[in-house]
């Protein structure tokens with residue numbers, strides 16, 4: 001499912017909602033409005049929201065029962081947010097600006113910042129994970145505000161969820177008069193609680209992610225390879241001589257694979273050029289070289305044009321064997337037969353060395369084509385000519401093997417995927433909210449810090465107003481254009 005199809009589904013969904021909303025408002029005016037008011041539902045253009053007071057008493061009682069623990073929790077939270085996370089967010093933002101808009105400046109160790117959209121740079125099939133991860137991150141963020149406010153006896157008016165297009169956002173409504181009557185430190189605890197909860201949730205998700213193989217080890221086996229679970233329709237390996245769903249991949253180009261991390265690493269190093277150690281006897285019996293070789297586009301062709309399964313190989317003289325006598329410069333051989341027993345690679349860093357009575361033969365390929373040998377458990381190896389990126393993009397794998405067929409319907413990989421998205425989106429929501437932009441927590445955090453500085457330097461209200469407006473305007477004018485640029489880049493530049 002592409003981004004265009006996903007947008008079509010979203011558009012259809014909101015058109016249907018708008019139609020029924022307009023119909024009920026015109027034909028069932030009073031009962032429908034009573035229903036909306038009673039349930040807290042509200043329908044708008046490409047958005048809808050739900051507001052309720054059902055959780056107010058529960059949140060207040062729960063926060064009061066854990067007063068001592070939560071008071072220390074939010075004390076640590078606001079110190080961490082202001083002392084560490086706010087400087088980190090500002091440094092990342094400035095580094096991003098310098099890196100993208102000044103080519104002469106190169107900054108290392110900068111976190112990659114980019115927009116993530118289903119069907120664009122993440123699979124559209126992951127939409128449900130995308131939605132749930134954002135919802136969990138947003139709800140946990142607002143829960144921090146609600147509990148911190150209850151700790152300071154600020155009235156919690158209502159809580160709710162607002163969905164704009166495909167993005168769910170939770171929110172809490174607090175009594176503004178109660179909140180503004182608090183001291184600066186108490187207000188900062190409430191404003192920083194959401195960001196603090198996002199950072200905590202992100203690292204909790206990260207901890208669970210790395211612990212997943214241990215947690216699921218009773219029911220699932222790991223470190224025995226990766227299992228092919230899906231091939232996209234445009235996958236170059238989806239044919240009679242390619243991969244099949246259920247195949248267990250054990251190595252790529254002699255790079256051994258035990259888990260999903262090894263799979264990614266082996267595809268990365270598959271860009272390294274290599275030769276295949278082949279016995280002189282095999283070459284003498286199977287060489288099908290033409291009398292004349294042809295060089296086209298810097299690629300030597302020494303096989304017949306109608307030969308589909310043979311490659312032209314170039315001899316790479318092993319440096320360790322000085323007295324080697326090569327039968328010719330090129331040979332036409334079938335690579336599948338060459339690796340039928342065992343793949344023995346010879347690479348340039350190793351000096352193209354091979355065992356005695358064997359020659360190093362390197363496939364004659366252009367700079368944009370790689371020979372990738374995928375070895376499978378209990379099956380023949382798959383040979384692929386192309387880019388490793390195409391395999392990474394079109395082949396979906398799973399590192400978990402169920403011990404019994406009863407649990408084969410569920411894979412911990414889905415749980416790991418959810419944890420990855422929660423980590424990314426929770427940190428992203430915290431990052432955006434700590435920046436001093438209009439309408440974010442950073443707006444109120446910046447104002448409170450400026451009020452604290454004004455009190456410390458004995459300044460009047462004009463000082464607070466000027467620097468608050470200045471900080472928020474600058475933060476908004478920097479952050480929002482960058483967000484627009486990131487979404488534009490994800491849709492129109494990186495996707496092509």
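Placement of Cβ uses the backbone N, Cα and C atoms for every residue, glycine included.
Matching 437-462, 463-488 against TrEMBL, the residues noted as transmembrane segment span 463-488. For the transmembrane segment (418-435), the list of distant contacts is 81, 85-86, 89-90, 92-93, 116, 126, 129-130, 132-134, 136-138, 140-141, 194-195, 198-199, 201-203, 205-206, 208-209, 212, 441-442, 445, 475, 479: same-chain residues at least six beyond its ends, Cβ to Cβ under 8 Å. Under 8 Å from some Cβ of the transmembrane segment (30-55) lie the Cβ atoms of residues 14, 17-18, 21, 24, 157-165, 173, all in the same chain and six or more residues away from its ends. Among the listed stretches 5-24, 76-98, 127-144, 156-175, 195-220, the one sharing the most Cβ pairs under 8 Å with the transmembrane segment (463-488) is 76-98. By number of Cβ pairs under 8 Å, the transmembrane segment (5-24) is matched best by 156-175 from the list 76-98, 156-175, 195-220.
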